[in-house]
Amino acid sequence: MSDTTPGSRPEDEPTSTPQADTGETDTTTGADAAPADAAPASEPPAPPAPPAETPQESDTSELDAAVQRAQADHPAPAAEAAEEPAAEAEAPQSEETPAAEESEAPTERMPAADEAPTTEPPAPVAPAAPAPPESEQQRAIYVQAPTPPRAKGNRGFGVLVGLIATVAFAALYALAGYLLVFVQGSTAEPVDAFVQFLGHPAFWVPVLVFFLAFILLAAIVNRNGWWAYAVFGLLVGIVVYFSYVGGALVGEAWNLTPAEVGDFVAARWLDPRAILAGVFAREVTLWFGAWVAARGRTVTARNRAAVEEYDRQLQAGPQLSRP
């Protein structure tokens, strides 16, 4: 065979054999290549060069920015607005370049073809949130102090009873005067004499004095017992007795001389009308005073109960009340 026949040369046999049969050769080759690879590994790898911006991408970014400014200043019709997003979607953009990041900035949303081109409905106003319920600590706590009771009096009722007692005294006094007219028989017309007596100061002065004396006694006695009217009723009778003498003198004063005044007053001390006026005044004060005293006991009991309730509330301590 000639030397040019393939496979006849000894140098070509390792090349034609499979890699699995040449294990020693691979080991030697890897050992020889390891020092060569270890030398450059100690040097830091060079940073990859940033991809160069193509003229096409730069023009596209500038075009996008110009379109956005034009859209912000002058909104385009709905048809143009629908075409521009399609054209922008077809244009290549690079997310790694700064120009592409500017193109991705949020822009004003253009209305679609089926939406209103001019105005947008106002955003609904959110209802105000209800105030949170007050907790137990936030609520105000009031301490209600007991009010001291006010003692009630019996003077107003005494004045009212005094009016009724005055009417009763006037009726008894008038009846006594009418009977005296018939008993004495000094005039032929007893009715005229009785009417004259009713209009004389000897009648209405004792009635007026009795009313004033009774309400004064009721104001002084107030809520005291019946014994006060039994004792001081005698003073009321004495005052009414002297008032009759004074009323009779007032009615006849312009008909008397100064010398006759003494005799006239002396004759009035034993006048039956003066005595009856004093007796009626004392008895009416006694019996109507019992009525006032009974009501005074009731008022006293109510005042005592109010004081006891007030003391009980003080002993119980303050009571909490919420508004």
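Even glycines carry a Cβ here, placed using N, Cα and C.
Keep in mind that this is a model prediction, so the values were computed, not measured.
According to TrEMBL, the region 'Disordered' annotation covers 1-137.
Annotated compositional bias 'Low complexity' per TrEMBL: 17-41 (among others), in sequence order.
Taken from TrEMBL, the feature compositional bias 'Pro residues' covers 42-53 (among others).
Taken from TrEMBL, the feature compositional bias 'Low complexity' covers 88-97 (among others).
Annotation comment: TrEMBL describes 119-133 (among others) as compositional bias 'Pro residues'.
Same-chain residues lying 6 or more positions outside the transmembrane segment (157-183) and placing a CB less than 8 Å from one of its CB atoms are 190, 193-194, 197-198, 203, 206-207, 210-211, 214-215, 218-219, 221-222, 272-273, 276-277, 280-281, 284-285, 288, 291-292, 295. Taken from TrEMBL, the feature transmembrane segment applies to 157-183 (among others).
According to TrEMBL, the feature transmembrane segment maps to 203-221 (among others).
Under the heading transmembrane segment, TrEMBL lists 228-254 (among others).
For the transmembrane segment (274-294), same-chain residues at least 6 beyond its ends with a Cβ under 8 Å from one of its own Cβ atoms are 154, 157-158, 161-162, 164-165, 168-169, 172-173, 176, 206, 210, 213-214, 217-218, 221, 224-226, 228-230, 232-234, 236-241, 243-245, 248, 268. Residues or ranges marked as transmembrane segment in TrEMBL: 274-294 (among others).
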